[in-house]
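Undergrad: Handing you a structure now.
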Amino acid sequence: MKIPHVTDPVSNMVGGMAQVVRASTHAATGAVNTMQMLASPVAEFAWPVVQSVAKSTGRALGTGHSPNFANRVDPPVRWHNGQRVHLDLDPLLPFPRWHEYAAVVEEPVRRIPGVAKGHVEGSLGRLVIELDKNADSDVVLGKVRDVVIALAADLALTGARSAPKVAPFADPGNPLAILMPLTAAVMDLVALSAAVTGWVTRLPAVPQTIRAAAALVNHQPRMVSLLESRLGRVGTDIALSITTAAASGLTQAVGTPLLDLACRGLQLSEAAAHQRVWRDREPQLASPKRPQAPVVPVISSAGEKSHAAGHNWTAAASNEASHLVVGGSIDAAIDTAKGSMKGPVESYVDSAANGSLIAAASALLAGGGTEDAAGAILAGVPRAAHMGQQAFAATLGRGLANAGQLVLDPGALRRLDQVKVVVIDGAALRGDHRAVLLARGNTPGWDDDRVYEVTDALLHGERAPEPDPDESPATGARLRWVPLQGPSATPVQGREHADLVVNGECVGGVDVGWEVDPYAIPLLQTAHRTGARVVLRHVAGTEDLSASVGATHPPGTPLLKLVRELRTDRGPVLLITAVHRDFASTDTLAALAIADVGVALDDPHAATPWTADIITGTDLAAAVRILSALPVARSASESSVHLAQGGTTLAGLLLITASAGSKSASPITLRRWFSPVNAAAATALVTGVVSASKVLRLPDPTPQPLTAWHALDPEIVYSRLAGVTQPLAVEPGTPDWRRRLDDLSYTRALSPLRKPVTKLARLASATRQEFADPLTPILAVGAAASAIVGSNIDALLVAGVMTVNAITGGVQRLRAEAAAAELFAEQDQLVRRVVVPAVATTRRRLEAAQHATRTVTVSAKSLRAGDVIDLAAPEVVPADARVLVAEDLEVDESLLTGESLPVDKRVDPVAINDADRASMLFEGSAIVAGHARAIVVATGVGTAAHRAISAVADVEVSAGVQARLRELTSKVLPLTLAGGAAVTGLALLRRASLRQAVADGVAIAVAAVPEGLPLVATLSQLAAAQRLTAKGALVRSPRTIEALGRVDTICFDKTGTLTENRLRVVCAVPNTRMPHDPLPDITDPHSAAVLRDAARASTQPHDGQGHTHATDEAILTAASSLNSHTDSTWSLIAEVPFESSRGYAAAIGITGNGKAPMLMLKGAPEKILPRCRFADPEADVAHAESLVRHLAEQGLRVLAVAQCSWGHDTTDDNDTDADAVDAAAHDLELVGYIGLADTARPSSRPLIEALVTAGRNVVLITGDHPITARAIAQQLGLRSDARVVNGTELIGLDEDACAELAADVQVFARVSPEQKVQIVAALQRCGQVTAMVGDGANDAAAIRMADVGIGVSGRGSSAARGAADIVLTDDDLGVLLDALVEGRSMWAGVRDAVTILVGGNVGEVVFTIIGTVFGAGRAPVGTRQLLLVNLLTDMFPALSIAVTSQYEEPGEDEYQTDEEADEARRTHQHEVLTGPTPSLDAPLMRQIVNRGVVTAAGATTAWAIGRWTPGTERRTATMGLTALVTTQLAQTLLTRRHSPLVVATALGSAGVLIGIIQTPVISQFFGCTPLGPIAWSGVITATAGATAVSVLAPQWLNKAFGIAQLNQE
């Protein structure tokens, strides 16, 4: 089939292209001829596009036809695939609100024979036609055109004329998207061919001035903007491609076209993938069955600036700039507001453009020619920055397209690195099913829970569950929807109201919204990890997600206004939203239009979101991947900028040295084939591709449904889960090459090498991670610069230091991982899975699951949602599960909730807002009593325990001291570079050669870079980690030790961390005790009697099994401690174990005095007291309740103990059942009360008191009741007036509000795992360096979030230990104080080492500058001499200081008692922790300046003595060099004279120096000469004098150089 008017287009195409060519350079003539040859084969494919481009270009150049003859212009074909055609209506209907006449156009078109379907897409301005399969397209489209033209003529007579409309989006179906990169790639091939041919045939190359002129135009943003205003984007791209290719070919430069060819190839593959997705999704997106979005005219700021009239119609608000097509061509554009903000690449491009112009001007002013100026321009080309960004975006775009995502605007992927705010619209979080948000019963038999479960069943099309005995049947139930009135009726809120009607009677009301999408949790977790501010616009049902975001806005907030304000206040915005039938679409589409990156989910039943940049599928999985690309895009762009900066620096240095060196270089030079700029660009391109590939290889997020299983009837839960079990989660597939290599490694020949090769591979991987150190790029550039100027030894030194540092760090990482693996090794958990027989109905299947006796033992890892598991004490729950059967079931959830007491579980549904969720079992909890059957609802990362951990799974690990050193380097590096520049400038003033001057300057600059900093940081942390490990603290992440030295807030989990998670009897209180009397000791006779009776009522262990309940164990243990033997006076007859429904345990027995049998009861006071008799009921009951309340306020769990005579027959204890006991348990005699509490660790209170005394803020976080939490806090040493906040107070708070609350709170009670993360994050936002100490799975996420995560070993959860940076391996929490002291010590060591490294280098720079000024124009020390100085003064002395402890612990005295030794240790810890906070700021700068001044003074004095005494210049330089070393070594000795290692290192370095200086051959190699007695006397005098000044007059030095004297640490 053919599309009309696509034949013979060559002449028109060439004419349009010629207009563009005339606007560019004449040097592109060859490329134009190439385009003419290519025109014919691509014409049929590209003609509709090229025709529009030609018209646009003609208007831009002042030629072409007037646009005001729409009734004589055929509507152009914008896209076709043979059967579906898009006709552009813009030229035909040039008046506003034309979309209101869509029906007038559609009806006549549909009646044309051969047209199967036809409709107008108003947002696109297109007539979309689907042809019959057998229709002749030429004939049909001809008739369509005739009909449309006639209709347009009629409508034009009545419509108000205005400027034409344009398409509001970048058309992925546009063939130009492929034609443009294809054309540019062909031009690059031609340029490559020309360059290689010219070099092979030795044709003369034109001056590089031509290439520089092309680069200047191509990389000057202002020039590009000017061309775009005249030629349009397409014309500008063509013109620049031609000029660049022609210039590269004529100058025989291979690198530029080769790199551009690679980049164009990526763009071509991206465009092809986008077009493929467009072809697949267009029938569904542009379907006539979908509702049309409202079209609103807007004023575009870009249209006002363009020469041709340009208007924009889109779903937006008046006066809002949106997408624009300049001049009506297919330039496709981007909203000008979107392009107005700059990311790292755009900012650098601007500065590089200005810098290259300044460099070129400087070259001309310095007497250089045009070639030198051209070289300066080419050295400043930011090619690497562009390449990295384009490579990342193109690779990511192709991957998204391959996954089926439609990218309407590829420019959005280029803006990912700019995003500062992520706005998530609650409409995008809407699931597929309706959900009950609130249920209210108003009739007997219809409580809230019953209304909820019946309504939920109706919404899901299920049969309502059978009623309980006290509930009414739901026969004939239906929902009657009630329209909302007033402001709450805003559709965007997503809330509707309905009445539940049964047999015509309204029995309750419900608020109905939508379920939350299963990918909502992964989406919010990923957004949290992007580093951008996350904002959530709520819809009904998303309120529980507030804690995961930075700010929230209520339902009904205008999305357009919100996005606009955030863009203005905080920067570029990425918006994730969706258009739904019951949501306001105009506001959503408008917000998508102005968002910098608009991502919209596609709802096939709603309007197509054409204003989005990216249209995903119907779920959030693709949006999760896009969000995960944000930090990677930012990192890739920053890396590209750094590469560009390094390439420019090296290219400029190469330019200077080459111009000063030989001119006889071969045509194949680094400058032409492999220049630093091109090398950096190639590296950036590869890095961009690799970074994007990592994003695309990320596994798909795991759905985490938030269904309220606890509120549903078991039958409903079983029907939704059973029979539809999900497949097991599998790891991402292993690549074929990796699998083949793995198979090959098991062969007989290679199997012996498998283990060592694996170790080497792991070491290589760990070493590669260490190369990510922030100082690595700086040192790499320095090494390359040294090599360029001929200082190969310095280059090798720097490279060697980098390698040694990375290997050392890698080894430590592997050691830590191995130790952690050994510590955390676990056995595979086994669980009994119930085999459910196949039966007909859901109810019968549920009954079979509840009563089936056959089970199979399987691995917990193989469980899936829908499996039924069987559990009994003391097993651990392997997954989240809904209880189906509960027999006296009690569960220990302390590792999850922090609640130290067991909780009762039951089968009945609980209220949807009930935080206890008593019908659920959660992974990690332990069964302490009873038996359970439960159906699995979530496994793996979908469980509640793992959900909190995964929320911070990828939180950036503390950068350690490296980050602080990077800040220091950023301050010092400019000074060292300035020193190198000063040496070069002074040398030139003294008429030194350019090459020599530059070499001296580079040598100084490189030598002044503290290349030992990374190694110092690594080894100091390693040494501190080893010292801590010896004290019982395993350091898994050495980088966090630096944060230990700065910690000012420590958060403690209570249960299992500060306590042993084991109940003990605190007191036994007789009933006669007054409420406020001091608690008696259990050894008191009256208290012992109460404890004895409580023990008699406790269930005794049987058959060697453990105690059934933790309370029984605690009471029996306490009772046995008072009696060395069993209570022989009590003969047990029968017992009734505790059951939650009864609330007490009972026992029947006979005492030794032969009295009648007694019934002993022990249970909750609210169950026991009503059964007791009192002489004065009113007063006695008030007294009892007051006493119970007083005990509870002490943080105790209170049990009441009572007794009475048993008057029944006891000959057959089988007849003594629970019902008989319950009937007899009246008129009881109240004996007293038992108070139980969790057992505190012996080291807890001393630790808390020491931390508080040292000025640390201690925060207690627990799942206990607020009253219990307050009491425990006081017992542990916190203030009695400490504020206690309930976890419910945190619900709904955004990040800012939570930070404000957390600033002055010391105790948090009843908190969930997610809220623990919220608390830690809030403290961090308050500027506090936070540590988190915990032992449970509920602590793991907070441990990972904290600056320092500390796990407590022992009974604790492996999840907590696995998330921790430091693991305490024994029960002594006092090791934490040692860790804090070690952190301080490491900081002090690093500070002194940095003083040696940086301060010594500063002194070297100052000495070199002085020597250059007063010498012969050359630096007094050369490259090799500076190498010697760095080796002797920087590396080994600095390392010895870094690995030794600053604070000496008090020595052991054989005459000291243990108490005296502990007191001395505590005093030492207090002195260290109460000192000033370690800092690398003012105190360090003072020490650096002092050392630099003293070093320079000593070296300069010795050098001056050498000049004033007879001798050669080499002797003088040697004296200065020697004093330079000895002055620094003397200061090092003074810093740590108590350390044998430092003393030995300093003396050893001095000995090596003397040996090198005095050995003739070696001395000459280093540019020195042996010194005589007079020279040595001068050196010693200078060294001693300078050192004496630093010791005797430090304050004078501070004042002389403007450094404020601060308190010494």
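Backbone N, Cα and C define each Cβ position, glycine as well.
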Undergrad: Which range is it, out of 238-258, 259-279, 532-552, 1246-1266, that shows up in Swiss-Prot as transmembrane segment?
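TA: Result: 238-258 is the stretch Swiss-Prot calls transmembrane segment.
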Undergrad: With the ranges 870-890, 1290-1310, 1542-1562 to choose from, which does Swiss-Prot describe as transmembrane segment?
TA: 1542-1562
Undergrad: Ranges 619-639, 1144-1164, 1396-1416: which does Swiss-Prot label transmembrane segment?
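TA: Based on what Swiss-Prot states, transmembrane segment spans 1396-1416.
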Undergrad: Measuring Cα to Cα, how many angstrom lie between Asp1335 (Mg(2+) binding site) and Asp1053 (active site, 4-aspartylphosphate intermediate)?
TA: 8
Undergrad: Given a 10 Å Cβ-Cβ cut-off, pick out the one of the recorded positions Asp1053, Asp1335, Asp1339 that has the most other Cβ atoms nearby.
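TA: Top count of Cβ atoms within 10 Å goes to Asp1339.
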Undergrad: When you scan the chain for residues with a C-beta under 8 Å from the transmembrane segment (1396-1416), skipping those not six or more beyond its ends, what do you find?
TA: 968, 972, 975-976, 979-980, 982-983, 986-987, 990, 1000, 1004, 1007-1010, 1012-1013, 1016, 1426, 1429, 1433-1434, 1437-1438, 1441, 1487-1496, 1499-1500, 1503, 1513, 1520, 1524, 1527-1528, 1531-1532, 1535
Undergrad: Go through the chain and flag residues at least 6 beyond the ends of the transmembrane segment (357-377) whose CB is under 8 A from any CB in it; none is fine as an answer.
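TA: Tertiary neighbours of the transmembrane segment (357-377) are 207-209, 211-213, 215-216, 652, 655, 659, 671.
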Undergrad: What else in the chain is close to the transmembrane segment (1426-1446), if you only count residues 6 or more beyond its ends and a Cβ gap under 8 Å?
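TA: Same-chain contacts beyond the flanks: 793-794, 797, 801, 1003-1004, 1007, 1010-1012, 1015-1016, 1019-1020, 1022-1023, 1027, 1382, 1384-1385, 1388-1390, 1392-1393, 1396-1397, 1400-1401, 1404, 1521, 1524-1525, 1528-1529, 1532, 1535-1536, 1539, 1541-1542, 1544-1546, 1548-1549, 1552-1553, 1556, 1566.
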Undergrad: Tell me whether the transmembrane segment (641-661) sits in contact with the transmembrane segment (238-258), defined here as at least 3 Cβ pairs under 8 Å among residues 6 or more apart in sequence.
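TA: Stretch pair does not touch.
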Undergrad: Looking only at C-alpha atoms, tell me how far Asp1053 (active site, 4-aspartylphosphate intermediate) is from Asp1339 (Mg(2+) binding site), rounded to the nearest Å.
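TA: Pair distance, Cα basis, whole Å: 7 Å.
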Undergrad: Where does Asp1335 (Mg(2+) binding site) sit by DSSP, helix, strand or coil?
TA: coil
